[in-house]
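Trainee: Quick one: structure below, then a few questions.
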Amino acid sequence: MITKLEDRRHSWAWRKLIEPVVRMLRHGASPQRLGWSLAAGFIIGVNPIIGSSTVLTVAVTHLFKLKHAASQIGVHGAYPMQLLMLLPFLHAGTVLFGTDPLPLEKTELLRLIHEHPLQLLRSLWMWEWHALVVWLGFAAVLMPALAMLLGHMLERAMRHPRSAVVSES
């Protein structure tokens, strides 16, 4: 009979996100450093420039001497949020900088591609840049809070190892 705990261990999220972090703790990683690493990965993972997360994570983990593996776990865990947050970041950028809204209708995009492709590229870059500025403000506020929360949770997991049981197989 499979208990709920055993069933949870076999889920993708448990195997790919939780178990590796618990193993790092068991191998002596600092909960605070792991918390900062996971938070950095998550925050970088939701940035509005699709495809830039891995390069940014490598640079940040190297610069701040964080755990690269933990940051990558944060990035991969954040990927669904990156897709969900892309349009809100783009919209917030247009509001903050007072630019024209992003044309999201297929007919408008096709018209711009055919009639003004360079103007469309310039506009896309501007919208991405503005969204990146909004994301930086979001990151500056949320990352320290998330790092402290994760560090506290990981410290508790170390003090109460039965709540963070991981199979050794």
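Heads up, the Cβ atoms here are built off N, Cα and C, so glycines get one too.
Because the structure is a prediction, the values reported are computed rather than measured.
Straight from TrEMBL, here's the annotation block:
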type	residues	note
DOMAIN	21-154	domain 'DUF2062'
TRANSMEM	34-60	transmembrane segment
TRANSMEM	81-99	transmembrane segment
TRANSMEM	129-150	transmembrane segment
Trainee: For the transmembrane segment (34-60), give me same-chain residues lying six or more residues beyond its boundaries with a C-beta closer than 8 angstroms to one of its C-beta atoms, as numbers and ranges.
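Mentor: Sequence-distant neighbours of the transmembrane segment (34-60): 21, 24-25, 66-68, 70-79, 81-82, 85-86, 89-90, 128, 131-132, 134-135, 138-139, 142-144, 146-154.
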Trainee: Across the whole of the domain 'DUF2062' (21-154), what does the mean pLDDT come to? Round it, please.
Mentor: 93
Trainee: Per DSSP, what is the residue count of the domain 'DUF2062' (21-154) in each of helix, strand and coil?
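Mentor: Secondary-structure breakdown of the domain 'DUF2062' (21-154): 111 helix, 0 strand, 23 coil.
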